[in-house]
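Below: the structure, in structure tokens.
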There are 2 protein chains.
Amino acid sequence: MKPDLSLYLVLDPVMCGGFEAAVSLTQRVLDAGVTTIQLRAPQWKKRDWLRLSQQLLPLCRDAGVPYLINDHLDIALACDADGVHLGQSDLPLQVARRLLDPDKILGLSVSNLQHLQSDDCALADYLGIGPVFPTGTKQDADPAIGLVQFCDWMTRIRQPVVAIGGIGHLETADVIRAGADGIAVVSAICAASDPVQATRTLGQLIQEARQ
Amino acid sequence: MKPDLSLYLVLDPVMCGGFEAAVSLTQRVLDAGVTTIQLRAPQWKKRDWLRLSQQLLPLCRDAGVPYLINDHLDIALACDADGVHLGQSDLPLQVARRLLDPDKILGLSVSNLQHLQSDDCALADYLGIGPVFPTGTKQDADPAIGLVQFCDWMTRIRQPVVAIGGIGHLETADVIRAGADGIAVVSAICAASDPVQATRTLGQLIQEARQ
């Protein structure tokens, strides 16, 4: 499966307001145009990740939207998710490739030049590059890359790229114009007062920036 | 593989003093009589779990001692560990059974009567019952079961049992006499000034209590 990275939601169920709120938000933002979903629940234990995934996966399948799991390959295997998104300190991509079916999607977080030149990069189906801008969502985030450096990296990368980190309305147009295939957001949707409207607006900004 | 639970080390590499110290300690306590090892490194990222496991697994294989992974089935799959030890909030045992080869060992933590009556229990190769006594090692530990209640539970359980939580010299004899197949320790070995001597002493206490 080749993911449409245009509007990639990193779903934080705690930020959404809990289990039921996360299910409800997911259904609504799928209808509003989210194109990929990744579950990331660092405060949660795995049994809850699995329970939530068993609710979200049918919604994503109905919408034709890939459902990915952050970090935990075992949860992805347990619920038959469409892939995993791995960080530089998670299991190596070579290991993930071996453990997952060949059609599953492997994403990799890239935060600096060293990451970009690593062997893992070549094995990823897409790269999540960031934080492009400063962000308050991820406490242990690397320093922001900045738009100028991001533009430079985009000229060297052949894989699909989703930009992440501090991406709101203003930043969306910039990263898309720089060549990103899409934007990944957490709080811009999960913490929005109107997640459906936030999704629609981001979708429009992406479309406009591509023209 | 049927694990010998007699002297079960839950290896906390941070408590040992880091990666290299954990490798060195493991080799020495295997020689001194540890019979099962479980890696538990809650502060570590998975790439480091995997790196350490790749060092420890050959040592355990040479010693004929099972090497288990706490919680993370994906790491167990990645390094071909001998099994996993799961808590009540980790992935269900039914899922673990499906993802692991049938000869792999599945352990389950049990802290109260409700756990003991759960479906998961029947699928476990052994139960880790505790904390029997108060412990400072695990910050989110359940309330201590106490020796009287532990003795009562032992009369109802058919599976192999390893007792865990606050088990030092005095407590070792008690839980073995109550019918436990072994004791699981973290700080009693990892934080001992002389881990080899601590291992030998615990081994002797277990032997004596069985006579």
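Heads up, the Cβ atoms here are built off N, Cα and C, so glycines get one too.
The 4-amino-2-methyl-5-(diphosphooxymethyl)pyrimidine binding site feature in TrEMBL is assigned to A:Asn70, A:Ser109, A:Lys138. What TrEMBL records for A:Asp71, A:Asp90 is Mg(2+) binding site. The domain 'Thiamine phosphate synthase/TenI' annotation in TrEMBL covers A:7-189.
On the structure: features taken from TrEMBL.
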residue: A:Asn70; record: 4-amino-2-methyl-5-(diphosphooxymethyl)pyrimidine binding site; DSSP class: strand
residue: A:Asp90; record: Mg(2+) binding site; DSSP class: coil
residue: A:Ser109; record: 4-amino-2-methyl-5-(diphosphooxymethyl)pyrimidine binding site; DSSP class: strand
residue: A:Lys138; record: 4-amino-2-methyl-5-(diphosphooxymethyl)pyrimidine binding site; DSSP class: coil
*asked:* Using the alpha carbons only, what distance in Å do you get between A:Asp71 (Mg(2+) binding site) and A:Lys138 (4-amino-2-methyl-5-(diphosphooxymethyl)pyrimidine binding site) once rounded?
replied: 14
*What other residues of the same chain, not counting A:Asn70, A:Ser109, A:Lys138, have a CB atom within 8 A of the CB centroid of the 4-amino-2-methyl-5-(diphosphooxymethyl)pyrimidine site?*
A:Val10, A:Arg40, A:Asp71, A:His85, A:Gly87, A:Gly128, A:Ile164
*Go through the binding-site residues A:Asn70, A:Asp71, A:Asp90, A:Ser109, A:Lys138 for me and flag any whose C-beta is under 8 angstroms from a C-beta on chain B.*
A:Asp71, A:Asp90
*Measure the Cβ-based neighbour count of A:Ser109 (4-amino-2-methyl-5-(diphosphooxymethyl)pyrimidine binding site), defined as the other Cβ atoms within 10 Å of its Cβ.*
25
*Around the Cβ of A:Asn70 (4-amino-2-methyl-5-(diphosphooxymethyl)pyrimidine binding site), the count of other Cβ atoms that are within 10 Å*: 22
*Enumerate same-chain residues with a sequence separation of six or more from A:Asp90 (Mg(2+) binding site) and a Cβ-Cβ distance below 8 A; give 'none' if the list is empty.*
A:Asp71
*Listed in sequence order, residues with CB under 8 A of A:Lys138 (4-amino-2-methyl-5-(diphosphooxymethyl)pyrimidine binding site) and six or more positions away*: A:Pro131, A:Gly165, A:Val186
